[in-house]
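J.: I'd like to ask some things about the structure below.
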Amino acid sequence: MSRKPLIAGNWKMNLNHFEAIALVQKIAFSLPDKYFDKVDVTVIPPFTDIRSVQTLVDGDKLRLTYGAQDLSVYDSGAYTGEVSGAFLAKLGVTYVVVGHSERRQYHGEDDALVAAKAAAALKHGLTPIVCIGEALDIREAGDHVQYNVNSLRGSLAGLSAEQVGKVVIAYEPVWAIGTGRVASAADAQEVCAAIRAELAQIANADVAGSVRVLYGGSANAKNVGEIVAQEDVDGALVGGASLDGEQFAQMSAIAAGGPLL
């Protein structure tokens, strides 16, 4: 089944709203419209930047989309510091990242909470990018495939087959995030293929064939081509490289079959 690649730029806690506008303008200027027929491109800024990004995207009729880095499992109420999926939907958000390794590591999020957040995103018409990935000790022990399969199942628990068909999965080996170490294309394919096989068990073969599985972990313009060429890798969740508008545009073009012309 043909799956349109997705290049998603996770800005993490970087850039104020003025800087966000400048970066989106740079990406839009650097990536001609023709590429958007072959690749979906989204930026995922901090909450405080989303309204500014929305105004720019809508005003200039840009073809890229934008997302959020997290959401609450609650719709509203006395939950100080939380941001509801209902609020994000009103801002025109397309994607929302759930279960990023930094949320799991620094905020104690587990698979059950990730599954609840994925369900909350879907409830409000948002596409969750569900993140899973192993630490270095798990990989070195040779347990990385089973670990990710188990985490996938836990992070999608309670979702129907139809709902699973609406998610994006991001495989992000924790040992490769922000370290400059990159999983080889074969490493990425091994786990992403296992994820797809497990999706067939969780849902069905049609869902498994349609869900996009991304690689995340020090992806950049030099390595993204080989990674997305793998049969079961459908794009990248990009960290640091997404803060460079020209490089992010180049990565998007490569995923579309590039190069950037």
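Glycine too: its Cβ is placed from the backbone N, Cα and C atoms.
So Swiss-Prot says this about it:
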| type | residues | note |
| --- | --- | --- |
| ACT_SITE | His100 | active site, electrophile |
| ACT_SITE | Glu172 | active site, proton acceptor |
| BINDING | Asn10, Trp11, Lys12, Gly178, Ser218, Gly239, Gly240 | substrate binding site |
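I'd like these features described in context: how deep, what's nearby, how far apart.
T.: According to DSSP, His100 (active site, electrophile) sits in a coil region rather than a helix or strand. Residues within less than 8 Å, Cβ to Cβ, of His100 (active site, electrophile) and separated from it by at least 6 positions along the same chain comprise Asn10, Gln69, Asp70, Cys131, Glu172.
Cβ neighbours within 10 Å of Glu172 (active site, proton acceptor), excluding its own Cβ and spanning all shown chains: 26.
With a cut-off of 8 Å between CB atoms and residues at least 6 apart in sequence, the same chain places Pro46, Gln69, Glu102, Gly239 near Lys12 (substrate binding site), listed in sequence order. Secondary structure at Lys12 (substrate binding site), as computed by DSSP, is coil.
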J.: Output the one of Gly178, Gly239, Gly240 that, of all these binding-site residues, has the highest number of other Cβ atoms within 10 Å of its Cβ.
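T.: The residue with the densest Cβ neighbourhood is Gly239.
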J.: What is the one among the binding-site residues Asn10, Ser218 whose Cβ has the most other Cβ atoms less than or equal to 10 Å away?
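T.: Within the set of binding-site residues, the most crowded position is Asn10.
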J.: Please classify the secondary structure at Gly239 (substrate binding site) using three-state DSSP.
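T.: Once the DSSP labels are grouped into three classes, Gly239 (substrate binding site) ends up as coil.
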J.: Taking the center of the Cβ atoms of Asn10, Trp11, Lys12, Gly178, Ser218, Gly239, Gly240 at the recorded substrate site, which other residues in this chain have a Cβ no more than 8 Å from that point?
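T.: Surrounding the site, in chain order, are Ile177, Val238, Ala241, Ser242, Leu243.
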